[in-house]
Amino acid sequence: MTMDTFDHPIEASPSPRQTTRCVAVGPYKIGGDAPVLIQSMTDTETADIDATVKQAAALARAGSELVRLTINNEQAAAALPHIREQLASQGIEVPLVGDFHFNGHKLLKRHPACAEAIAKMRINPGNVGKGSRRDPQFAEMIEIACRYELPVRIGVNWGSLDESVLTRLMDANAQRQQPYPPEMVTRDAVVTSAIESAKQAEELGLPGDSIILSCKMSGVQDLVAVYRDLARRCDYPLHLGLTEAGMGVPGIASSSAALAILLQQGIGDTIRVSLTPDPGGARTREVEVAQQILQCMGLRDFTPRVTACPGCGRTSSNYFQHLAEQVRHHIDERIPEWRNQYPGVEKLRIAVMGCVVNGPGESRHADIGISLPGADEQPAAPVFVDGERRTTLKGDNIAAEFKNIIEEYIQQRWG
Ligand code: SF4
């Protein structure tokens, strides 16, 4: 008989993060070895101060570490200091990011308090000004960023690509003996526009460690290709996001696929999940999805995780689904207090399984696990704590007793 020797260690972690410069935004750092930050954007009319404060507060409370607002007109620019002030009065200091387009230079000149109320600017080089107005208006925006010491995200969007860059690259491509397909030239133009604008900003005096880049595309493969190229060609921190990801499950699936591929390759320093909310749906959903992406990839921890099996023909009832849901609700209710009292609790792992076939194994891998009785099994639910069988729950009170076990475990481990 031959003995197997262990010589195939299998790594299960993302590639090391690509080395990027570190940019300070308010109290946070983006890039370098800082954690991947989550950001979001309001969809209220910015000039509607009450609505914008309400939504920005909800996004911040949900975990958005930066909140971006469009500053598209005089009223919006004038509203910014009030929005900042009202958030502060609620104890919310989330850095606000101003999103500017064609008239940003004028608005910021007329509303210096707006420049003082934001922690970062987003400039789209394709929307900063048309034709001969583009360079001077871009220069004015950069001069304002320098004056107020604001970091800048140069955010290219393929739907509003700088026409001069695209035309130049299309013309050069046409000269080739075998021209590349136009979509390849477009992808190159997206990356080139971001990098050339960043260099231009540096030449205008913006420090290199005040620049973040993004190149948003709406197709998963396009986004992955563009960011891989961007990461090869520069060391600016990268803001990832699939633009126009869409609604509901397709939106969540597309964003998750695109961002996960890049994060796994060590690409990305901050993320935004751009979901179209369902009518009446919560804007905070995008923050929740962003947190789940980072957490399921092992990049950050935000909340205790509940693993539950999908159920199958062995499942005797839907009780285990109800139990998993009740545990999830319990966590959602208790997490604000747990976070204050028990730092580190977000690493807790709970398993709720539908039968004893896979249940005990999965439960042992969690901090706390329960296997409910499957079809034809004894009406008893073994509970595992730190891999050891701790007790067996029976009767009508399983949910309450299991929640007590969770509370006790948290107190003992993180108290
Ligand atoms: S744990 Fe049991 S009930 Fe759940 S999917 Fe596996 S076999 Fe089915």
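Positions of Cβ are set from backbone N, Cα and C atoms, glycine also.
What TrEMBL says about a protein is an automatic prediction, not a curated fact.
As written in TrEMBL, here are the features:
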- 20-291: domain 'IspG TIM-barrel' (DOMAIN)
- 306-407: domain 'IspG C-terminal' (DOMAIN)
- C309, C312, C355, E362: [4Fe-4S] cluster binding site (BINDING)
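The structure, with features from TrEMBL marked on it.
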| residue | record | CB count, 10 Å |
| --- | --- | --- |
| C309 | [4Fe-4S] cluster binding site | 21 |
| C312 | [4Fe-4S] cluster binding site | 12 |
| C355 | [4Fe-4S] cluster binding site | 22 |
| E362 | [4Fe-4S] cluster binding site | 18 |
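Residues P310, G311, R314, T315, M353, G354, V357, N358, G359, S371, G374 surround the recorded [4Fe-4S] cluster site, their Cβ atoms falling within 8 Å of the Cβ centroid of C309, C312, C355, E362, which are themselves excluded.
Helix first, then strand, then coil: DSSP counts for the domain 'IspG C-terminal' (306-407) stand at 43 helix, 25 strand, 34 coil.
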